[in-house]
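Chemist: Sending over a structure as structure tokens; questions will come in a sec.
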Amino acid sequence: MRIDDLTQRLRALGAKPAHEQRVLRAWVQRSSMDNRRQAAKDFLPLALREALPALTAELEGLARLRSQHPGEDGSARLLVELADGQTVESVLLLRDGLCVSTQLGCAVGCVFCMTGREGLLRQLGSAEIVAQVVLARSLRPVKKVVFMGMGEPAHNLDNVLEAIDLLGTAGGIGHKNLVFSTVGDYRVFERLPRQRVKPALALSLHTTRADLRAQLLPRAPQIAPQELVELGERYARSTGYPIQYQWTLIEGVNDSPEEMDGIVRLLRGKYALMNLIPYNSVPELEFRRPGREAAVALAAYLHRHGVLAKLRQSAGQDVEGGCGQLRARVVKMDRRPRTARATPPTA
């Protein structure tokens, strides 16, 4: 379901813009449709009031909690079941943050990512994206949403921008606390500056070498790292939000002194933050995370050379922390043949 479809249905029930906003705000913020001045029964059209119970049940069914996996760091990884029975992952982050998925699967095919191994199964509608926030708000407050879960937001741009617009208006989330994460796509840099709600931007860089980037992200748009940084810098200066560059640290792949010097050349003097994220090793893939001391040394090197850098850990690292790992494990278990129960012998 898309937000636009939802608003069209509300209008067909006689809703004016003020009625739409009352209903949407109550849904996204999990609040009452009554306010201090006027009860919903005295404000909403009769046809809309009569349709609300069924509509509310339908919205609640867009995203249901299948399982919750608390992490030792205070985060929690959520396996979310959609209305068609498919599952995606969301992650409750520290300091009232939430990471949401935008696609079921992913077409980019990052070689180090579990989500990309399945390819793209389907897009999530904008209402399904927002429903992950609504579900999370039933568990904790959510004041920041990062679009960094399963999927590539740039490949589902209309739905993601529609979700961002609702979250940044009726959802009550500050624009800079909505973070659009992408491997880089020219359409993103064309459309984001024109939006009513302009999110912060996170760019997945992972290497300063164009040839290695093409190997690691085989189906991403072939934008050279230097051009990607230039596009990011333009957006950062126009919005006043620094670009967050994402760098998954993989031992022996992109953790060399040459790569760190490349980061310095690209980012020194830029309105930017480099997030170094040690890779979450999984048995199915050959990549490995560098040691803690080595990762700390890399972040310190960047600091000394004028690049603001943070060493981050994937939230919920101890509970299938890499993107798509939890879903992959559950899908694998669901596909496992079930053993019939033995019938006890009769006397």
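Every residue, even glycine, has its Cβ placed from backbone N, Cα and C.
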Chemist: Per Swiss-Prot, which one of Ser181, Ser256 shares the S-adenosyl-L-methionine site with Gly151, Glu152, Ser204, Leu205, His206, Asn280?
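Modeler: My reading of Swiss-Prot gives Ser181 as the candidate in that site.
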Chemist: Would you mind listing, in sequence order, the residues at least six apart from Cys110 ([4Fe-4S] cluster binding site) in the same chain with a Cβ closer than 8 Å to its Cβ?
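Modeler: Same-chain residues close to Cys110 ([4Fe-4S] cluster binding site) (Cβ under 8 Å, separated by 6 or more) are Gly116, Val183, Leu216, Leu217, Ala220.
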Chemist: Take the C-alpha atoms of Ser181 (S-adenosyl-L-methionine binding site) and Cys106 ([4Fe-4S] cluster binding site) and report the distance between them in angstrom, rounded.
Modeler: 14
Chemist: Going by Cα-Cα distance, which of the binding-site residues (Glu152, Ser204, Leu205, His206, Asn280) sits nearest to Cys113 ([4Fe-4S] cluster binding site)?
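Modeler: Spatially nearest to Cys113 ([4Fe-4S] cluster binding site) by Cα position is Asn280.
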Chemist: How many neighbouring Cβ atoms, not counting its own, are there within 10 Å of the Cβ of Leu205 (S-adenosyl-L-methionine binding site)?
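Modeler: 27, counting other Cβ atoms within 10 Å of Leu205 (S-adenosyl-L-methionine binding site).
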Chemist: Note the mean pLDDT of the domain 'Radical SAM core' (92-318), expressed as a whole number.
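Modeler: Within the domain 'Radical SAM core' (92-318), the model's average pLDDT equals 94.
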Chemist: Reported as an integer number of Å, what is the Cα distance between His206 (S-adenosyl-L-methionine binding site) and Cys106 ([4Fe-4S] cluster binding site)?
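Modeler: Between the alpha carbons of His206 (S-adenosyl-L-methionine binding site) and Cys106 ([4Fe-4S] cluster binding site) there are 17 Å.
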Chemist: Where's the emptiest Cβ shell within 10 Å among the binding-site residues Cys106, Cys113?
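Modeler: If we count Cβ atoms within 10 Å for the binding-site residues Cys106, Cys113, the smallest count is at Cys113.
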